[in-house]
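Enquirer: One structure coming up, written as structure tokens, with questions to follow.
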């Protein structure tokens, strides 16, 4: 019974002393119960959001980003860490293309036919492959890291159109910036585990056993194009392609640059700052 009911009773005919005593005894007993119940409800309502926030604390924030950088800038080091921290998919478009071809998907069959004829896979096919991965790959539910795409303004525009239509617009385009001279020193000493893509460096990040993968014990290889002359051509092509893309994302307001010449831990910290995490 509410206090308002008791107050309504109190306005009635005057009661005798024993009746009044019983009235007020019952009134205050019920009042204590009502107050206790209200306080308990308030405590529960205050604790519930806290408990929910604690339960959700292990769920990482979503990220949707493009990772830009020349060969040797450290994308292969940083992308797996981003994938693990934020529980997102890492879409290295070269790997994605090879996977679709190997699986003989409809898009993979189209791409293989074009490549077998010596042509370049169209922007439309590449964007549709990314769209397919975002839809079918459970790792992409919380976001994605795009690596190796886009490389041209039309690709960037088609990608943006598709992502906006999917309700998954890009949050950030992070560029790993580094001088070409340092890249030459890095890449000409690079060692790769072909099966996993793990990379090492003869000087900066040597394997525990020379020319041997730390995880599997398989032999490491040095890529045939990891030499100074081949690298210069790759860097020239990269700069010609990438500068317009960087300008495109600067204009959209989502670009952030990170100095990739720093130690990997510092680069990692700066990437998180660029993401606002």
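Cβ atoms here come from the backbone N, Cα and C positions, even for glycine.
Source: prediction; values computed, not measured.
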Enquirer: Quick one: which of 151-188, 189-226 does Swiss-Prot have down as region 'LID'?
Expert: 189-226
Enquirer: Do you know which of 62-91, 92-121 Swiss-Prot annotates as region 'NMP'?
Expert: 92-121
Enquirer: Cβ under 8 Å, sequence separation of at least 6 from the ends of the region 'NMP' (92-121): give me the contacting residues as numbers and ranges.
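Expert: Here the qualifying positions are 79, 128-130, 132-133, 146-149, 197.
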Enquirer: Quick one: of the binding-site residues 93, 119, 121, 149, 223, which has its CA closest to the CA of residue 200 (ATP binding site)?
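Expert: Smallest Cα separation from residue 200 (ATP binding site) among 93, 119, 121, 149, 223: 223.
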Enquirer: Near residue 190 (ATP binding site), how many other Cβ atoms are within 10 Å of its Cβ?
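Expert: Result for residue 190 (ATP binding site): 20 neighbouring Cβ atoms inside 10 Å.
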Enquirer: Which of 151, 223 has the fewest nearby Cβ atoms, counting only those within 10 Å, among these binding-site residues?
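Expert: Candidates: the binding-site residues 151, 223. Fewest Cβ atoms within 10 Å: 223.
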Enquirer: According to DSSP, does residue 190 (ATP binding site) fall in a helix, a strand, or coil?
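Expert: The residue in question, residue 190 (ATP binding site), is strand (DSSP, three-state).
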Enquirer: Quick one: pull the CA-CA distance for residue 93 (AMP binding site) versus residue 76 (ATP binding site), whole Å only.
Expert: 13
